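Each remark here refers to the structure printed beneath this line.
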Amino acid sequence: MIEMLKNWYHRRFTDPQAMALFAILFFGFVAIYFFSNLLAPLLIAIVLAYLLEYPIRLLNEKLKMPRILATFLILGGFIAVTFIMTFILIPTLWTQTVKLVSDLPHMFNQLNEWLLSLPEDYPELVDYQMIDTFFISFKNKILGLGESALKFSIASLLNLVTLGIYAFLVPLMVFFLLKDKMELIDYITNFLPKNRTLASKVWREMQQQIANYIRGKLLEILIIALVSYAIFLFFGLNYPLLLAVAVGFSVLVPYIGAVLVTIPVALVAMFQFGITPTFWYLMIAYVISQILDGNLLVPFLFSEAVNLHPLTIIIAVLIFGGLWGFWGRILCYSISHISQSCCFFLAFNRIISKDHFIERTIYSDYFRY
C-alpha cells in the first residue's frame, strides 16, 4: 500500500511542470477564497475585459485601428449603452417591485382562503390544526424576511459610497486591462514559476474558452430575458419585466437557478389566474422556453464547452458556491472547465521508470511550443 502511494506521488508530483501548475492554482484559489470581497471589483473588471476583448481585437486586427483608440470606442460605447439601459429599466423595475410588495397582503389572503378550504374538500388528508401550524410558521418566515430586507436596505444605503467608488474604479480598471493587456501579462509572468510550460498550455487552452463562455452567457441572459418577457406580456402576467430579468439572470447558476426562479413565476401566475387553463398555458410556454434554452440555445452558444455532465455542474455549484458564495456559483462553470483541462493535461505527465523515455517523449511532443 505504501509503495503504491509512493509510486502515485512519484508519477504525479515529482515533475516541476506539474508542481508549478499546482502552485499557481493553489495560490489563486486561496486568494479568491480569503479576499473575494476585496477582489470583487477586479473580478468584475476581468469579466468585462474578457467580454470586450473580442470587438477590440477585431477593430485592431481587421481595420488596423490603434488598440488604444479601439479600446476607447468599445469601452465608451459599452458604458453609454449600460447607462441608457439602466435609466430605462430601473424605473420600471422599481415600480413593479413596489407593486409586488403592495400586492403581497392580497396574495396572502388568497392563500389563506385556499388553505382554509382544503379541510372541507379533503378532510381525510388535511385538518385545521395543520393549517394553523402552517400559518404560524409562514408568518414567522415573512417577518424574518421583512427584518432581513430592512437590514439589507440599511446596509445598502451605508454602502452607497462604496458602490459609487466601484462605479468609477471598475471602468477604469477595465480600460487599463484592455489597453495594457500584453504589458500586464508580461509583468505578471515575472512572478510565476520558471517551469511553467504546462501551466502555459493550460492557460492557452482555457483563455479562449473562458472568453467565449462569458460572451455566450451574456447573450444567453439577453435572449432568455427577452423571450420570457414576451411570454409574460402575451399572457398578461403581472410584473413581467421584474420576473423576466430574474429569469434571465437565473442562467448564471446552472440548473439550480432555473428551478429556483420558476417558483416565483408559478406563484405569481397562480395568484393572478388561479388554477385555470391560462395558468397552465403560461407555465407550458415558460417550461418550453427553458427546455429550448437547455437543449438548443446552450449547445449553440457553448458548442466547445458543453462536455460536462449535468451532475458535475450541480456538484460544482454546491462546492464552489459553498467556498466562494456568489462568485463561486457564477464562476462554477469556468472553474469546472479549468479543473477538467488540468486533469487532461496532467494525464500526459506520467513518469514511470520502465517507460520513462517513451512517456517523456510523448509529453514533450504534446507540449512543444
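Cβ atoms here come from the backbone N, Cα and C positions, even for glycine.
If you look up TrEMBL, you'll see 20-51, 72-94, 154-178, 218-237, 243-267, 279-302, 308-327 marked as transmembrane segment.
Note: the stretches the transmembrane segment (279-302) and the transmembrane segment (20-51) are not in contact (fewer than 3 CB pairs below 8 A, sequence gap of 6 or more). If you look at the transmembrane segment (218-237), the same-chain residues 6 or more away from its ends with a CB under 8 A from one of its CBs are 51, 243-245, 247-249, 251-252, 268-269, 272, 278, 281-282, 285-286, 289, 293, 297-298, 301.
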